[in-house]
Amino acid sequence: MAEDVSSGEQTEDQAGQPLLNGEIIASNGDKCQFRTYKRRWFVLGVICLLSCTNAMLWISFAPVADVTASFFKCSLDVVNYLSLVYLIIAIPVGFGASWLIDTLGLKYAIVFSSWLNMIGSIIRCGAIVPYLNPSGSYTGIYYLFTGQSLCAIAQPLVLFVPAKLASVWFPEHQRATANMIASMSNPLGVLLANIISPSVVTKEEYIAHMLGIYTVPAIAACILATAGIRAKSPPTPPSASAFNSASEPFIAGIRQLLTNRAYVILMLCFGAGIGIFTAISSFLEQILCFRGYSNLFAGVCGALFIFFGFIGAFVCGLYVDRTKKFKEVVKTCFALTALTSIAFALVINFREQTVLVACVCSLLGLFGFAISPVGMELAVECSYPVGEGSSTGLAFISGQIQGIIYMILFQKLTRPFATSGPSPCGMNQTEIYDWSTSMLVMAALCSFGSCIFIIFFHTKYKRLLAEVNFNGLKEELNTHET
């Protein structure tokens with residue numbers, strides 16, 4: 001009896017086909033061998049670089065919002081819209097991105113998004129080119145919005161591909177880890193932007209340096225994606241679910257998702273988490289400003305927020321790959337995130353408590369970001385056989401919609417904050433606001449969403465069950481042949 005399932009890495013011949021030692025997959029499915037390829041790590045690396053650069057471009061102005069507003073002679077609200085435009089554009093584009101990923105495949109999604117990302121980053125640099133901005137004009141902000149809009153179109157493609165990548169290229173015991181690595185490269189970009197922007201923009205004129213710095217990795221990602229990704233899937237699938245990869249038609253899949261009770265609960269609660277964390281990432285500098293914390297400290301807190309998020313996501317990803325306890329991990333992280341959000345809403349009201357604020361930001365990232373990769377895998381598990389692009393994409397679209405609502409709501413709940421002297425974070429003290437009420441509402445939303453998910457979310461792991469049944473059928477066929 002030939003061995004049917006192989007998890008070892010295989011080499012490839014010059015024609016790009018796998019070198020198999022046993023039977024090749026037959027059309028009737030009764031003989032199949034699963035293979036993994038070293039090339040999957042290159043594809044993962046390109047997606048990570050692309051996702052990281054896209055996030056850097058998104059959040060690049062938020063850590064230096066006050067300096068940006070002064071340089072381009074606009075209000076803080078306009079600077080906030082540079083981040084908000086990502087969420088607004090991602091909603092209509094998200095449905096097209098889900099269709100493209102599930103219909104045309106990973107290759108086209110990655111290459112197309114990399115070109116949008118690169119062109120958008122270059123257009124942003126037009127804001128500081130003297131020839132394009134005559135003296136006395138305020139056209140620079142329009143170049144920023146145009147570039148941000150192109151990068152925003154790329155974002156859904158970038159955010160929706162990790163689950164598809166994990167399913168198509170990685171075996172079942174590596175899927176959650178691959179999803180974690182690809183997913184967390186996006187907050188890595190946020191982390192780097194929180195460090196780079198305040199470090200570079202110590203003076204208004206250094207805005208030009210910042211724009212140039214963020215363009216370089218976007219160009220590199222485009223070159224690697226265009227030249228290096230040659231196929232939308234490996235020649236031989238890595239798992240049973242990848243072998244049986246035919247998913248529901250796009251419209252039928254969306255309809256099936258919206259009638260799946262477990263998925264709808266996950267979509268709304270997971271989306272709420274995305275929306276809240278998007279708002280915190282965009283406003284962190286302004287949230288800490290009203291108690292006298294500097295831009296640099298806000299950048300450090302943002303970096304800690306993401307760094308500990310990596311740790312949480314990494315640990316949870318490895319744990320879930322080995323135990324398959326998706327529900328338990330996500331519910332635990334939701335509960336701990338809710339408790340930490342309450343602590344965050346309280347500690348930001350104290351002055352000169354840098355250690356305490358930094359610790360709470362670290363814990364918020366540790367528990368909050370751990371939900372993302374495991375939550376995406378859980379979305380696929382509870383909605384199988386709907387395509388991965390659709391199941392994760394709809395959850396992210398929910399997050400973008402809620403992100404817009406929360407960003408507008410939190411800004412409306414702020415109050416002008418009177419200062420007795422210049423703030424260490426703001427050049428224009430009339431535009432410093434008290435965010436304490438907004439953060440209390442944020443904590444309430446986190447707590448409510450966590451309770452809903454913990455109490456009402458229940459599901460079977462449909463993809464894992466399908467793989468178990470498939471492998472069991474193969475073993476039965478092989479036994480009869482022997």
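Note that Cβ sites are derived from N, Cα and C of the backbone, with glycine treated the same way.
Under the heading transmembrane segment, Swiss-Prot lists 41-61, 81-101, 109-129, 150-170, 181-201, 206-226, 264-284, 296-316, 330-350, 355-375, 390-410, 437-457, citing sequence analysis as support.
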**Complete:** Per the Cβ under 8 Å criterion, with at least 6 residues separating them from its ends, the transmembrane segment (41-61) contacts 68, 79, 82-83, 86, 106, 110, 113-114, 117, 120-121, 124, 144, 147-148, 151-152, 154-155, 158-159, 161-162, 165, 169, 178, 181-182, 185-190, 192-194, 196-197, 210-211, 214, 217-218, 220-221, 224-225, 228-229, 281-282
**Asked** Where, among 109-129, 150-170, 181-201, 264-284, 437-457, do we find the most CB pairs under 8 A to the transmembrane segment (390-410)?
**Response** 264-284
**Fill in**
If one takes Cβ-Cβ under 8 Å and requires six or more residues beyond its ends, the residues near the transmembrane segment (330-350) are 269, 273, 276, 287-288, 291, 312, 316, 356-357, 360-361, 363-364, 367-368, 370-371, 374-375, 378, 435-436, 439-440, 442-443, 446-447, 449-451, 453-454, 457
**Fill in**
Most Cβ pairs under 8 Å to the transmembrane segment (181-201), of 81-101, 150-170, 264-284, 296-316, 355-375, goes to 296-316
**Message:** Let me check one thing: do the transmembrane segment (437-457) and the transmembrane segment (150-170) come into contact, meaning three or more Cβ pairs under 8 Å with sequence separation of at least 6?
**Reply:** no
**Request:** Mind checking which residues of the chain, 6+ beyond the ends of the transmembrane segment (150-170), have their Cβ under 8 Å from one of its Cβ atoms?
**Result:** 36-37, 40, 43-44, 47, 50-51, 54, 57-58, 85-86, 88-90, 93-94, 96-98, 100-102, 106, 109-110, 112-114, 116-117, 119-121, 123, 176-179, 182-183, 186, 232-234, 237-239, 241-242, 245, 373, 376-377, 379-380, 387-389, 391-393, 396-397
